[in-house]
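A.B. asks: Please read through the structure below; I'll follow up with questions.
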Amino acid sequence: MEPDSVIEDKTIELMNTSVMEDQNEDESPKKNTLWQISNGTSSVIVSRKRPSEGNYEKEKDLCIKYFDQWSESDQVEFVEHLISRMCHYQHGHINSYLKPMLQRDFITALPEQGLDHIAENILSYLDARSLCAAELVCKEWQRVISEGMLWKKLIERMVRTDPLWKGLSERRGWDQYLFKNRPTDGPPNSFYRSLYPKIIQDIETIESNWRCGRHNLQRIQCRSENSKGVYCLQYDDEKIISGLRDNSIKIWDKTSLECLKILTGHTGSVLCLQYDERVIVTGSSDSTVRVWDVNTGEVLNTLIHHNEAVLHLRFSNGLMVTCSKDRSIAVWDMASPTDITLRRVLVGHRAAVNVVDFDDKYIVSASGDRTIKVWSTSTCEFVRTLNGHKRGIACLQYRDRLVVSGSSDNTIRLWDIECGACLRVLEGHEELVRCIRFDNKRIVSGAYDGKIKVWDLQAALDPRAPASTLCLRTLVEHSGLPRMRHALHPEHILTSPDNSLHFTTLIRVPQS
């Protein structure tokens, strides 16, 4: 038997001879005619057979015979040699011939190999529009999407990443079906498929109402014999908790707006509060911090440290930070409601510390001395000072890299906490900006001019956006002084302007 290299050379010689003969032939009906067949998504170039002249058939059979004797690697090398001898026009026909051969319906093929989970995982990365299109490809794709509960997974992904989706899931009650292993008695994929457009409709309604200022307003009268105002508040789906100037904490039913419980014990106005599923923590002008059982209203702990009024506090994940008119910040370890110990006192401000916020990386404080100070959460060491406000700072919120602050210079400033740069100054309020809340789309501010303004956060972070386009809406005008505490939600704003609570709802508002 001849060596493979000799056989290959002879084969190439035979093919080149055939090609040359074919190219030298005059165009005639005897020659093969190429036809293009299209199925809408791909095309294949096929040859309509015509009788061949000469020794083509014999030479072709001989080439195939040699080809079949070679190893796969030799066959590939031979075809590469052959293709390199062809012209561009021939390359195009070969490409059209190979393209459909290289296409694979992997979504259909994977379940045939017992790999349904891989097919589901691949399709789970699709957005809603693409998932709709995938359902229409074929019955097998539709089966993979349905059995893989991919509409449920898409909704779960949105709830994890978007605060608006999370809020809607809790308030509409469909969160009870999420983040659980596929129960046999749970809703089928079709339930989530029909739920998705309803969620989108709710979101579009909320966004439209934010833009247009449509809202419902409910008023809760808080006046008592000694009450002259609501200083702080927080709410959830079931209740509203408010701290009053008359030294009490009142708990309201969010649906009926009736007062359910009154907590007493402070000897001064309740200036700040925060609660979770276990406790309410309050700070007062009597300079103490009290911890209450959220269900029974019982006092669990009283912290005595500050020398003057406790103006603000925050707690999360076993850590609490309080600030005071005495210019200090106290960092506390909360092992339990009854086991709270002072870790560190932060000093550096030259006036009352009006507000604090923190996460795992930084503690942020704002003061009447016109500055914002940044501290390390883990070490409690000072990091940097943010300078820019021309008068004292009354409110602040911090999340990720962004700090938003409001001041008695009537402005709102946006800061990059990592470099200390002021990213934008928002102007529009006519008096002290008393409260600030923001989410990933907007900033809501309340000021002593009695107005609540809604600002476009994404535009404010764009240095090219004109200042005149940043304020989206002035929602409400109060006769008193707006205050907010955990009071901005994608659907609601809760304010305490005078001796009342104003609950503003932005969803399911009748269209005018």
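Cβ atoms here come from the backbone N, Cα and C positions, even for glycine.
Fair warning: this is a prediction, and the values are worked out from it, not measured in the lab.
Grabbed the feature section from TrEMBL, which reads as follows:
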DOMAIN    116-154  domain 'F-box'
REPEAT    223-262  repeat 'WD'
REPEAT    263-302  repeat 'WD'
REPEAT    303-342  repeat 'WD'
REPEAT    346-385  repeat 'WD'
REPEAT    386-425  repeat 'WD'
REPEAT    426-458  repeat 'WD'
A.B. asks: Quick test of the contact rule: Cβ under 8 Å, at least six residues beyond the ends. What residues does that give for the repeat 'WD' (386-425)?
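C.D. replies: Counting only partners 6 or more residues beyond its ends, the repeat 'WD' (386-425) has Cβ contacts under 8 Å with 351, 354-359, 362, 364, 366-374, 431-438, 443, 445, 447, 455, 460-461, 463, 470.
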A.B. asks: Under 8 Å between C-beta atoms and at least six residues away from its ends: which parts of the chain pack against the repeat 'WD' (346-385)?
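C.D. replies: Distant Cβ neighbours of the repeat 'WD' (346-385) are 308, 311-314, 316-317, 319, 321-331, 391-399, 403, 405, 407, 415, 417, 420.
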A.B. asks: As a test of reading the model: what is the averaged pLDDT for the repeat 'WD' (223-262)?
C.D. replies: 83
A.B. asks: Looking only at the domain 'F-box' (116-154), what are its DSSP counts of helix, strand and coil residues?
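C.D. replies: Across the domain 'F-box' (116-154), the residues distribute as 30 helix, 0 strand, 9 coil.
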